[in-house]
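To start, the structure under review is shown below, and the notes come after it.
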Amino acid sequence: MLPKLILLATLYISQFIPTTFFIQALPVFMRQQKMSLDVIGFLGLLILPSGLKFLWSPFIDRYRLGKLGHYRGWIICFQLLLISTMLVTAFIDIQDNLNAFLTCMFLASLFSSSQDIATDALAVNLLEPQERGLGNAIQSGGNIFGAIIGGGVMLILLDKIGWRYSLITLSIFMLINLVPILIYREKSQHQLENSTFFRSYFQPFISFLSRPKALPWLFVVLLYMMGDSVTSLMIRPLLVDRGLSLPDIGWILGIVSYSARIVSALIAGLVIVKLGRIKSLIIFGFIADLTTLLYIIPAIGVSSLLVLYTVCIIVNATQSMAYTALLSAMMDKCEKNTAATDYTMQVSVMFLGGIAATVLSGMLATTMGYSFIFIMSAAVSLLSVFLITQEYGVSS
């Protein structure tokens with residue numbers, strides 16, 4: 001079990017670092033440059049590959065890259081492309097070549113989200129059903145540790161050693177993290193039957209959507225983490241408006257808050273085994289949505305570091321528990337032979353909901369204020385908890 005968890009942890013750390021770095025560092029930088037909230041909200045569109053990756057997941061399910069293994073081969077390929085993109089980005093001057101920078105950021109998101117398809121599929125096949133609670137806690141923890149590096153440590157490094165050397169350091173770390181998958185030997189999986197392109201491409205989607213309660217479940221996935229998506233983006237310009245420095249924001253949101261996410265994800269993994277998926281989704285989701293409202297405290301003008309640390313730790317910890325429960329439930333919806341497509345389609349729906357919510361929240365924050373968007377995002381996510389109780393029942 002331990003080797004499996006170490007492998008998955010390194011994979012999820014590596015793929016989450018660059019996207020987190022761009023999405024978390026850039027809003028802070030843009031707000032410091034006095035850019036408007038509606039413009040910052042549109043940053044969500046740059047992670048569009050995460051919302052559309054289900055479109056190419058059937059190819060990753062069906063095809064393999066020579067002798068590298070099936071999902072292992074795709075992971076190695078996309079990880080090397082990701083590292084190469086980061087190294088190129090290191091030598092781009094953001095102010096003089098903003099378009100080139102945004103292009104590289106989009107490519108990094110594309111390669112990272114594509115690697116995520118193969119990694120999730122590998123995890124589905126690697127973990128037994130009874131291992132998935134802890135396995136998804138490791139996934140959440142790996143993502144969060146990647147976020148600590150990409151969104152916390154990197155903000156501090158940017159302030160100390162500058163853009164170029166920060167990204168070179170990041171690329172070296174990601175290269176080292178590639179070692180476990182290079183030495184891993186993937187077991188051969190049952191191959192899908194040969195068929196026409198049309199049938200082979202659409203069959204996994206049709207199969208998933210034809211399962212009982214598939215559409216209501218996807219609607220739950222669409223709404224469940226919207227509160228997290230909105231607050232994760234908008235709390236950054238809010239803290240800039242409260243006068244916090246780049247290192248301060250890096251420590252609060254990138255290191256301390258995400259450390260709380262790791263601990264709470266591991267706790268959630270153990271609790272999920274005891275409570276089951278549905279009860280965990282309801283309880284963790286309800287608590288997370290209520291604590292989201294704590295962000296109203298800095299929104300109304302409170303700038304005490306002690307208060308901000310406390311609020312951010314509580315919100316991030318509870319949102320992480322809800323996220324872990326959702327990942328576990330999503331994995332249960334997957335078939336082994338179409339693991340990449342089944343899981344990725346659910347993740348894509350979740351990301352599309354988050355992208356739409358962040359873009360809309362940026363526009364609303366400009367006119368209605370931060371407090372309004374925090375209340376609305378919590379209300380929308382609470383709707384998904386209500387839907388779970390209606391479709392599956394609290395006693396499930």
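Cβ atoms here come from the backbone N, Cα and C positions, even for glycine.
Taken from Swiss-Prot, the feature signal peptide covers 1-25. The topological domain 'Cytoplasmic' annotation in Swiss-Prot covers 26-39, 95-104, 159-162, 236-251. The feature transmembrane segment is assigned by Swiss-Prot to 40-60, 74-94, 105-127, 138-158, 163-183, 215-235, 252-272, 282-302, 305-325, 347-367, 368-388. Positions annotated as topological domain 'Periplasmic' by Swiss-Prot: 61-73, 128-137, 184-214, 273-281, 326-346, 389-396.
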Limited to the topological domain 'Periplasmic' (128-137), I'd like the whole-number average of pLDDT.
74
According to DSSP, how is the topological domain 'Periplasmic' (128-137) divided among helix, strand and coil residues?
9 helix, 0 strand, 1 coil
What are the DSSP helix/strand/coil residue counts across the topological domain 'Cytoplasmic' (95-104)?
7 helix, 0 strand, 3 coil
What are the DSSP helix, strand and coil residue counts for the topological domain 'Cytoplasmic' (159-162)?
3 helix, 0 strand, 1 coil
Contact yes or no, the transmembrane segment (40-60) and the transmembrane segment (105-127), 3+ Cβ pairs under 8 Å, gap 6+:
yes
Take the C-beta pairs under 8 A between the transmembrane segment (163-183) and each of 74-94, 105-127, 252-272, 305-325, 347-367. Which stretch has the highest count?
74-94
Check for me, if you would, whether the transmembrane segment (305-325) reaches the transmembrane segment (138-158) - at least 3 Cβ pairs under 8 Å, residues 6 or more apart in sequence.
yes
Could you give me the DSSP helix, strand and coil counts for the topological domain 'Periplasmic' (273-281)?
8 helix, 0 strand, 1 coil
Contact set, same chain, for the transmembrane segment (347-367): CB under 8 Å, 6 or more residues outside the stretch:
36-45, 47-48, 50-54, 116, 120, 218, 221-226, 228-230, 233-234, 326, 330, 373, 376-377, 380
Intrachain neighbours beyond the topological domain 'Cytoplasmic' (236-251), with Cβ under 8 angstroms and 6 or more residues off its ends:
24, 27-28, 30-32, 37, 40, 151-156, 158-159, 295, 298-299, 301, 303, 305, 308, 370
